[in-house]
Amino acid sequence: MTTTPVPTPTTTRGQRRAGSRARRDRGQRPGWVVYGLLAAVVLGGMFPLWWSYLIASHDSTVLSRTPFPLLPGGNFLQNAATVFDTVEFWRATVNSIIVSTTVSASVVFFSTLAGYAFAKLRFRGSGPLLVFVIATMAVPTQLGVVPLYQVMAELGWTGELTAVIVPGLVTAFGVFWMTQYLRQAVPTELIEAARVDGASMFGTFWHVGVPASRPAAAMLGLFTFVATWTNFFWPFIVLGPANPTLPVALQQLQAAHFVDYSLVLAGAVLATVPLLILFVVAGRQLVSGIMQGAVKQ
Amino acid sequence: MSVTTPTSAPAPAPEQVTGRRGGGAPREGRLGRLDQAASPYVYIAPFFVLFFVVGLFPLVYTGWVALHDWDQIMGQGAFVGAQNFVDVLTGQDFWTALVNTLSIFVLSSVPQVLAALAIAGLLDHKLRAATFWRMGVLLPYVVAPVAVALIFSNLFADRFGLINTLLEGVGMEPVRWHSDRLASHVAIASMVNFRWTGYNALILLAAMQAIPRDLYEAAAIDGASGLRRFVSITIPMLRPTMIFVIITSTIGGLQIFDEPKMYDQFGRGGSDGQWQTLTLYLYELGWTRADFGRASAVAVLLFALIVAVGLVNFAISRRIASEESR
């Protein structure tokens with residue numbers, strides 16, 4: 001697959017150094033066309049958010065006004081206050097924080113535990129069981145919503161956050177992700193040493209496996225947090241209007257105020273801000289997580 | 001696209017630790033041995049227990065519910081055999097929803113993969129502030145689909161929507177985004193594209209960076225232009241990742257719910273079902289009409305559809321792979 005590299009007169013020093021392939025190097029720096037196109041993509045991605053803030057900061061008559069104001073108005077806080085009055089938005093924010101935090105903490109813990117077992121412990125059936133875990137990733141469990149709803153109704157959990165939290169406690173993707181990572185991250189000698197020193201199995205996991213899993217655990221936690229925060233279908237079905245998560249509250253806000261775009265988009269902005277903050281803080285990890293996951297699939 | 005990266009362990013150290021015979025058991029006694037034997041199973045148990053209770057059981061039980069008269073409130077009724085399936089399949093709504101789902105799926109996946117490929121190509125340059133550009137491209141991914149849908153249904157509003165204002169500005173007729181069937185599909189597909197293009201671009205970028213650099217150098221010496229190298233080297237080398245991206249977007253795309261649900265305030269897929277998808281139809285049957293039996297029948301049919309499309313994907317990818325090895 002590899003062809004012999006042929007030195008050419010145009011080879012720069014930078015290119016030759018790139019032979020190490022630690023970080024690939026495409027020769028010269030790209031011109032302004034590449035930056036211009038990328039800037040257009042990024043601005044295009046930001047525009048809808050900016051637009052919704054623009055509308056959310058005026059009153060609802062803004063859309064029919066000519067000329068359309070291109071700067072934010074001063075109505076955002078007032079609209080936000082109405083949003084908080086109309087639906088249980090404050091409660092929804094707290095609920096979203098509870099659900100997303102619990103689910104990501106739990107997914108990280110149980111996935112690390114299972115991933116450690118699959119990666120580093122020998123037990124009968126581990127091969128087929130791991131294949132089974134991977135196979136379940138292809139099964140769209142969403143399609144079992146009717147019986148799942150019945151189960152939750154039977155348990156008396158409909159309308160309760162537990163109905164949203166429990167099905168998300170551990171995921172096949174998480175187990176697979178941690179297994180892949182821990183295979184290389186934990187030196188087998190270290191586990192042996194801990195065992196010889198008399199540590200219990202769990203003690204070994206806790207003192208050797210957990211510290212080694214940190215980078216992968218951080219990424220898994222981020223992904224799970226974003227996915228849980230933005231999830232709508234199941235929370236919408238199982239939670240009532242009294243106890244919504246943010247996406248469910250947005251749906252209620254829209255149903256109540258559809259014509260008042262300023263209010264509805266104020267809600268959309270409010271629901272997005274927490275994740276934007278998280279993105280600014282941890283976006284770098286999220287990016288490298290996506291890129292790592294892709295190579296390992 | 002290998003699953004493991006080669007480790008550079010100097011000695012062939014034993015990969016796995018427990019269950020070794022002899023060599024001094026770390027913890028003496030029965031308790032220690034039990035700990036050693038049972039621990040792995042205890043560690044993996046949470047996943048399996050949870051998967052059986054909230055994943056597999058509901059999925060299988062759906063088939064059982066689909067064979068009964070089953071009201072959301074009243075519960076299980078008479079066994080009706082295939083009647084729910086007959087009802088669903090002979091009704092117009094199912095077919096409308098099926099066509100809508102496939103149409104939105106195609107409109108969202110094809111442009112999305114092409115755009116993601118182009119963006120990944122841009123990101124694959126030696127950029128200044130590479131992380132900044134990658135983050136910028138990923139930004140829409142953290143916006144909830146529900147919020148995206150609210151924003152886009154405003155942009156695509158029939159009156160005073162930004163898109164129609166712009167169209168009128170250049171002298172075109174405004175499009176009836178909320179009553180024309182195809183137009184509504186385009187609007188909904190654009191929401192999906194907005195959120196997922198950057199994400200897929202990063203996945204493709206990762207695969208691009210794994211392509212051996214030598215290939216490009218050789219092609220450059222032969223006088224291939226940048227675009228030519230992209231088409232003749234990058235895209236063929238990306239095939240496995242492309243297939244991965246296509247399969248995951250298939251599973252997600254066929255279950256699309258959030259975007260069409262939020263496209264107007266009624267959430268029923270349009271006055272005439274113009275953008276009602278299969279999952280939206282499933283929800284309507286189960287929770288608006290309280291008919292769990294038929295809702296389950298739709299779920300079973302949707303599952304069959306996903307499996308069928310998955311098998312087609314698989315067949316195509318195998319064909320491509322075998323052609324390549326020739």
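The backbone N, Cα and C atoms fix where each Cβ goes, glycine too.
Residues annotated as compositional bias 'Low complexity' in TrEMBL: A:1-13.
Annotated compositional bias 'Basic residues' per TrEMBL: A:14-25, in sequence order.
The annotation domain 'ABC transmembrane type-1' is assigned in TrEMBL to A:93-282.
Look at TrEMBL and you will find A:1-25 tagged as region 'Disordered'.
Below 8 angstroms of C-beta separation, residues 72, 76, 265, 268-269, 272 of the same chain, each at least six residues beyond the ends of the transmembrane segment (A:32-53), sit close to that stretch. The transmembrane segment annotation in TrEMBL covers A:32-53 (among others).
The transmembrane segment annotation in TrEMBL covers A:97-117 (among others).
The annotation transmembrane segment is assigned in TrEMBL to A:129-149 (among others).
TrEMBL lists A:161-179 (among others) with the feature transmembrane segment. Here the transmembrane segment (A:161-179) has Cβ contacts under 8 Å with residues 95, 98-99, 102-103, 106-108, 110-112, 114-116, 118-119, 130, 133-134, 136-137, 148, 152, 155, 213, 216-217, 219-220, 224, 228, 231, 234-235, 238-239, 243, 245, 293 of the same chain, all six or more residues outside its ends.
For A:216-238 (among others), the entry in TrEMBL reads transmembrane segment.
For the transmembrane segment (A:258-282), the residues of the chain that approach it from at least six positions outside its boundaries are 49, 52-53, 55-60, 62-63, 75-76, 79-80, 82-83, 86-87, 89, 93, 96-97, 218, 222, 225-226, 229-230, 246-247, 249-250, judged by C-beta separation under 8 angstroms. The transmembrane segment feature in TrEMBL is assigned to A:258-282 (among others).
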- Message: Under 8 Å between C-beta atoms and at least six residues away from its ends: which parts of the chain pack against the transmembrane segment (A:129-149)?
- Response: 114, 118, 158, 167, 172-173, 175-176, 179, 233-234, 237-238
